[in-house]
Every structure is written in structure tokens, then in C-alpha cells.
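J.: I am attaching a structure below and will ask some questions about it afterwards.
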Amino acid sequence: MLPRKSMTWVLLLLLLSLAIINLSTSQSDARWAAKKRRLRDKVHKMFYHAYDNYMIHAFPHDELKPLSKSFTDSLSELGNLKLERLPQDYSGSALTLIESLSSLVIMGNNTEFQSAVVWLSENLTFNVDARVNLFECNIRVLGGLVSAHLLATDSSDRLGRGVYKNQLLTLAEDLGKRFLPAFNTPTGLPYAWVNLKYGVMENETTETSTSGCGSLILEMGALSRLTGDPKYESAALRALRKLWSMRSSLNLLGTTLDVSTGEWIEYSTGIGAGVDSFYEYLFKAHILFGKEEFWRMFHSAYIAVQKYFRHGPWYHEADMRTGKATYWQLTSLQAFWPGLQVLVGDIAAANSSHREFVYVWKKYGVLPERYLLDHQMLHPTEKYYPLRPELAESTFYLYQATKDPWYIEVGESIVNSLNLYTKVDGGFASIRDVTTMQLEDHQHSFFLAETCKYLFLLFDDSFLVEKNYIFTTEGHPLPVLSSWHDRLPDTYIQTNRTLLKTGNQARQTSSMSKQVCPPTTLNSWECSGQQVESACHVPDARSDHRCLTDDECGVDSSNCRRRSCSMAGYCGLWLFI
């Protein structure tokens with residue numbers, strides 16, 4: 001026994017230690033908060049450096065050429081959208097302005113948002129002889145208009161009384177109608193290209209991508225919910241169902257196909273270009289519209305991706321028919337995948353892949369378009385970086401899920417690299433070659449729609465507090481509304497549930513029992529801190545977990561690892577003990 005005097009000193013030392021720890025923690029929190037504010041302000045300046053230069057040197061054309069301080073009408077590939085009050089030979093559509101609408105709101109500039117809405121309402125028309133890429137025009141233009149309409153009509157009262165009378169929704173519906181001729185095919189799969197005035201042109205190519213015909217449901221579905229006209233969602237849903245029916249026995253889909261015959265053209269597939277947003281929209285459509293059908297599609301597809309594409313933290317490409325690896329390469333578009341995994345609830349897997357992308361970013365200073373995994377080297381020709389947002393996007397989601405300050409440091413690294421290598425007097429330029437940092441005279445509209453937006457939200461997520469949004473593949477926020485969800489029968493039982501024991505009670509739950517789990521706001525939801533079933537869960541073949549071979553074992557519900565059969569004949573994570 002210690003003497004009473006000694007005990008007193010021990011207690012005093014313990015109390016002093018606790019006070020020092022609390023002070024240290026408080027000071028650390030204050031430092032991180034100050035750092036986030038500083039980085040937020042830095043991103044704010046980046047956005048307006050890009051936006052202001054566009055407005056000065058390129059508006060109302062499509063995109064800015066920052067080196068020459070001129071413009072490019074990039075929608076010449078999407079469709080030369082013309083403006084009523086400009087000469088007939090003008091071919092701009094103010095694409096960057098449309099793409100910037102929601103970013104202006106998130107950064108708190110309601111005045112500029114109102115000015116942009118008024119200008120577009122008075123000038124933009126789609127009644128032009130213009131051949132557009134359906135997928136790109138959908139995610140950029142239709143998505144931008146629908147999202148901005150929802151922001152203009154929410155409870156925040158951003159626009160002055162009487163200023164807004166659904167003009168953006170009117171434009172969006174007009175554009176949606178002009179999309180519909182593309183779906184008039186024997187399969188219901190839409191053409192990749194459509195003329196806004198005359199529909200599908202004679203001898204139009206019938207080749208399209210999986211993303212091109214399977215990533216339309218969010219924007220067109222939202223348009224139907226807003227207008228009360230189901231034809232837009234019906235067209236997109238019919239195409240999605242047809243595409244899903246074309247999957248292989250392995251639940252894999254190819255990259256390109258023929259919309260007339262419904263036959264695959266390219267069998268090699270992965271999670272990158274040509275397929276990426278297909279997976280993203282299956283899951284996000286489930287969140288936005290509440291259809292169990294979307295969940296079932298995604299669940300099967302996600303398991304197939306984990307089984308046939310994943311190799312450690314990397315994802316290679318494989319033949320949809322056999323599952324055998326075809327190309328061992330990382331593409332910059334794949335960097336969206338960890339963000340999607342966060343929404344699913346597979347945080348460990350998301351973190352693992354994200355760190356590999358960060359490694360490649362730090363190796364070159366930015367993320368190259370294509371990196372050969374088997375040779376640990378750049379692709380010889382695709383060495384460019386066009387200011388893509390996917391790594392910033394996944395970093396934002398992972399920080400929201402974990403609040404790990406390491407992701408703030410990743411965001412800081414991205415911000416510093418963009419300012420060091422791509423910032424020029426006239427905006428932000430793409431990088432032609434990451435080995436030399438030679439610049440290209442192009443500032444893509446998605447730099448303002450996504451890259452700056454996700455970096456800003458990483459450091460300041462006040463826009464999301466007490467709200468629930470999903471972001472389209474172009475970064476346009478759509479609110480999750482109960483009125484948009486399918487009404488379920490009283491006896492409905494969700495198929496992706498398991499039992500979670502809390503105290504003495506067990507209840508049904510899963511990572512899908514909330515719209516987004518983990519939460520994307522500072523306010524923790526009920527699921528926070530609890531281990532719930534992830535989307536990759538595959539039950540063992542037998543309820544008693546007995547087995548003869550590994551094939552009778554499933555995928556673990558908490559960490560997505562494949563279970564194996566022990567020598568004693570029981571399924572478990574024996575390879576990881």
C-alpha cells in the first residue's frame with residue numbers, strides 16, 4: 001500500500017497528465033481546423049482563377065484554352081449547342097457555365113448562381129442541327145441543368161423572389177425529349193450519337209459503350225420525377241435492363257457493344273473507361289430511387305468485380321466470358337472506385353486501393369492516364385493528365401467515412417500539385433506528358449464541376465450538413481428525397497440484410513439499410529461505429545458453415561475477404577489468421 005501522501009501525488013500527476021492530454025488534443029484539433037480553412041480558401045481561389053478566366057476569355061463558348069487565353073467549342077464533339085441571341089454560325093453552349101452551377105452554390109456564391117441561371121434561361125436553346133454524344137451531353141448538360149434546378153428550388157431561397165420560374169427544368173425537359181430518338185433501336189439500347197434537331201442520322205454508328213448506354217438512369221430518372229412524365233426514366237431503365245441481360249455467366253459485362261444486334265464487340269472489361277459509371281449508377285440509382293432491382297444488379301456485379309478483377313489493392317481487366325486477366329493496367333478513371341466502395345461500406349478495401357493511387361500520384365506529381373501494373377511503368381503513349389477529379393473524389397469520401405487527417409494531407413498534396421504544375425496566368429492547363437510536365441492548352445469543364453468541388457468539400461463540407469445528396473458521375477448533386485422512392489409493400493423484406501446484436505437485442509441491419517452508410521455529413525447516423533454487412537457479402541453454402549472444398553465458402557461480410565475451408569471442414573478466414 002502506498003502512503004496517503006504518495007497516493008495524493010499520484011492522483012495529482014494523473015490529473016495533470018489528463019489535463020495535458022486534453023490540452024494537446026484541443027490544440028491539435030484547432031490546428032487541423034485552421035489547416036482545413038486555409039486549404040479551403042486555397043481551393044476557393046483555384047476555382048475562381050479557373051472560372052474568372054473562362055468568363056473573361058471564353059464565355060459564352062464551351063471551354064477555356066488557358067495558355068492562349070482563348071476558347072474551344074468542345075461540344076463540337078458533343079453537339080455545337082447554339083445560342084439564340086448570337087450569330088447563326090456561332091457554336092458555343094456555355095458548357096463550363098452549366099457545369100459550374102452547383103459548384104457556385106457549394107462555394108456560397110448565390111449572386112453569381114442567379115446571374116448564370118438568368119443568362120442561360122434567356123439564351124440557351126437546343127433546337128439546332130447538332131450531333132451530340134448522348135452520354136456526355138447527358139452527364140454534363142442534362143445533369144447540370146437538373147441539379148441546378150433542384151438547388152434553385154430547395155428551401156435555401158438562393159434566388160430572389162420571382163426570379164426563377166423553372167426555366168432550367170424547361171430547358172432540361174426540352175433536351176430530354178431530343179435524347180429519346182436515340183433509344184429507337186431493336187434492342188432499346190441507345191445510339192451513342194443523336195442529332196438534337198433531326199434525331200438519329202442515316203448511317204449512324206451502332207457501336208456504343210457499356211457506360212454510354214448504362215449510365216443514363218440518374219439524370220433521366222430525375223427528369224421524370226420532376227416533370228411527372230415517365231418516358232425519360234422508362235427509356236433509360238429499358239436500356240439498363242437490356243444491358244444487364246447481356247451479362248456473361250460470370251455476371252461480367254464487356255466494354256463496347258452493337259445497339260442494333262445486342263452483340264458484344266469488346267469482351268475485355270474492367271472498372272475503368274467504358275464501364276466505370278455503369279457500376280456507379282447501379283448503386284446510386286438504388287440510393288436515389290430506392291428500387292431493390294438496382295441493388296440486386298449492383299450486388300451481383302460488385303461480387304464479380306471483386307472475384308475476377310481484384311488483385312490485392314489493384315484491379316486489372318479480364319475477359320467477360322472467362323474471367324481471365326487481359327490487361328494489367330491502372331487507368332486514372334479507376335480512381336473513382338474507392339469512393340464508390342465507401343458508399344457501399346467497404347472502407348478497408350477502399351482505403352487499400354486509394355493508397356495505391358496516391359502512390360502513383362506522388363511518384364509522378366499527378367495521376368497519369370494509364371499505368372502498366374505488370375511493368376510498373378507509364379503507358380508509352382497515354383502519359384497525359386487532363387485535370388481529372390477521380391482521386392480527389394475518393395479522397396473526399398474516405399475522409400467523410402473515417403475523419404482520418406491523412407486524407408486531408410492527401411488533399412493538400414493534390415492542391416499543391418495542381419498549383420505547381422497546371423496553374424497558368426489564364427487558368428489551369430492539362431498536362432500532355434507527366435514525365436516532362438509539358439502543358440496542353442485545355443481547361444476541361446469538369447475541373448470546375450468536379451475537381452475543385454470535391455477538394456472544396458474535403459476541406460469544408462458545410463454544404464452537406466443535415467442534408468443527403470448523391471453526386472452524379474459529373475459531380476452534380478441530386479438530393480435523396482423520400483418522395484422519389486418506390487413505395488414498398490407492408491410485407492417487404494430487403495434481401496441484403498443480416499442480424500446485428502446490440503445489447504440484448506438483435507435487429508435487422510446492413511450497410512444498405514441507410515441511404516448512405518457511412519454518413520456523408522458530420523452528424524453520425526445510427527450505423528456509425530457498428531460493424532454491418534457490406535455489399536460484397538456472400539453467405540457460406542451451408543448454414544452450419546460445414547464444407548468439403550473452398551467453393552462451398554463465401555465472402556466475409558465485414559471485410560470482403562474470401563473464406564476458405566479448413567482441414568476440419570469449416571468455412572472461415574483461415575488464410576488470414
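From the backbone N, Cα and C atoms, a Cβ is placed for every residue, glycine too.
Found this in TrEMBL, in case it helps:
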| type | residues | note |
| --- | --- | --- |
| SIGNAL | 1-26 | signal peptide |
| ACT_SITE | GLU136 | active site, proton donor |
| ACT_SITE | ASP276 | active site |
| ACT_SITE | GLU369 | active site, proton donor |
| ACT_SITE | GLU390 | active site |
| BINDING | THR473 | Ca(2+) binding site |
J.: I want to check the contact list for THR473 (Ca(2+) binding site): same chain, sequence separation of six or more, C-beta distance under 8 angstroms. What comes out?
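T.: Sequence-distant Cβ neighbours: ILE139, SER215, ASP276, SER277, GLU280, TYR281, PHE336.
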J.: Express the distance between the Cα positions of GLU390 (active site) and GLU369 (active site, proton donor) as a whole number of Å.
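T.: Cα of GLU390 (active site) to Cα of GLU369 (active site, proton donor) measures 11 Å after rounding.
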J.: Taking only the Cα atoms, work out how far GLU369 (active site, proton donor) lies from GLU136 (active site, proton donor), in Å, as a whole number.
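T.: Given the Cα positions, GLU369 (active site, proton donor) is 19 Å from GLU136 (active site, proton donor).
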